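A.B. asks: Can you keep this structure in mind? I'll have questions shortly.
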Amino acid sequence: MLQVHQVPLDGTDPSNPLRREKRQVQCQLGQYLHPRGTHCCMRCHAGTYKAKDCDHADQAPLCLQCPNGTFTAVDNTMSKCFQCTHCRTQFQQIVETPCSPKQDTVCGCRKNKYQIGPLDLFQCRNCSSCVNGIIVANCSKNRDTICRCKPHFFLSINNVCKPCNSCNGEECLQCHSPVTTSPTLSGPNGSLILGIIVAIFGVISVLYIVNKVVKLVRENGITSFYSCVALPQTTKEPVSEVEVKRGEISILLPEPQKETELLVNAAPPPAPLPQSSHELPDCVRPARKTQLPDNPAILYTVVDYVPPSRWKEFVRRLGLSDHDLERIEMEHRRLRDAQYEMLRLWKLQMGHAATVENISCVLNQMELSGCSEAIQEALLNQNSPQPCSLHSHL
């Protein structure tokens, strides 16, 4: 029996799967590939979800509005909407913005309270009132009040100023050094402070006299003065030359300053200042290389201290590409979650090179040194032995 096979014009046999050619469809931004891989469909807008795929290329699928209690915050291809977040009253959370088809519930804290903890599991705690102290920084949404205790008080781990005589542990070491100066100079403390001031003034006076002596010697052209006092004598020098040099210096100096000159000659040579004593910029200091810990709380610390308006500039300077930023923004509906994922991707890409110093260097280049200092201070507080939650990094 004669069998007839249909052969396409390009010469390929559709009955032979090995000879079929796969045609890859490339979809544009804002589109998605149909499950059959034959064409591209438009994405559903925020507030809706995909109920049915489109039949032809470049068409919109059947998109339905999210039911009550659900939402989608961005254009999507989801087959159902996300459930709205419920604020946890057991953590004293309140609803700041109710859930809508395009936005999840925004939870927060009441007035005079601040958030501490991760994401939607944060707790609301009362802001410290700084009794027996001075308010350095007011309480904010994600940070307690920063207090500076008055003299004879120390700051406990609970951010409360307690009397120094009630402390037994290491947390009151600051009691041994005055936090602020006393307004009066009466009594034993006043006498001690006055004595310290007099001693400091005396040291400054001596340094001033020595500086004048050095300037006077330079003005008279006696450069050999430094060779006489820089290093101890290891070889015998002709007596006449030494005596002439000392005679020249003695003639130039007045009587009170001759004694100073003799003391300088008799003193051991001063050690040269190490080259590392010159202050280096924050981003090139070799002594501090702190690898960013593998802890989500650390990343949220950086997220909360960098201004949202400068965030993309910040992660671009760290090395993330615009493609990575767009992809993460489409995958994560909340801004704070997207920022966290961007920082986590950077840490994975950098590996051991992802250090706190790299972040501080970028912030300093962006003229956000205040943010850099706040992050480092928060990380230092996190490394203290006290129990802490996620936002103690922040």
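The backbone N, Cα and C atoms fix where each Cβ goes, and this holds for glycine too.
TrEMBL entries are annotated by machine, without manual review.
The model shown is predicted, which means the values in this text are computed figures rather than measured ones.
Quick paste of what TrEMBL says about this protein:
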| type | residues | note |
| --- | --- | --- |
| DISULFID | Cys66-Cys81 | disulfide bond |
| DISULFID | Cys109-Cys124 | disulfide bond |
| DOMAIN | 65-107 | domain 'TNFR-Cys' |
| DOMAIN | 108-147 | domain 'TNFR-Cys' |
| DOMAIN | 296-379 | domain 'Death' |
| REGION | 1-20 | region 'Disordered' |
| REPEAT | 65-107 | repeat 'TNFR-Cys' |
| REPEAT | 108-147 | repeat 'TNFR-Cys' |
| TRANSMEM | 192-210 | transmembrane segment |
A.B. asks: What Cα-Cα separation, expressed in whole Å, is found between Cys109 (disulfide bond) and Cys81 (disulfide bond)?
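C.D. replies: The separation of the Cα atoms works out to 27 Å.
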A.B. asks: Taking the Cβ of Cys109 (disulfide bond) as the centre, count every other Cβ atom within 10 Å, in any protein chain shown.
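C.D. replies: Excluding its own Cβ, the number within 10 Å is 22.
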A.B. asks: Would you count the other CB atoms within 10 A of the CB of Cys81 (disulfide bond), including those on all shown protein chains?
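C.D. replies: So the number of other Cβ atoms within 10 Å of Cys81 (disulfide bond) is 20.
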A.B. asks: Please identify which of Cys66, Cys124 has the densest Cβ environment, defined as other Cβ atoms within 10 Å, among these disulfide-bonded residues.
C.D. replies: Cys66
A.B. asks: Under DSSP, the domain 'Death' (296-379) has how many residues in helix, strand and coil?
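C.D. replies: Summed by class, the stretch gives 71 helix, 1 strand, 12 coil.
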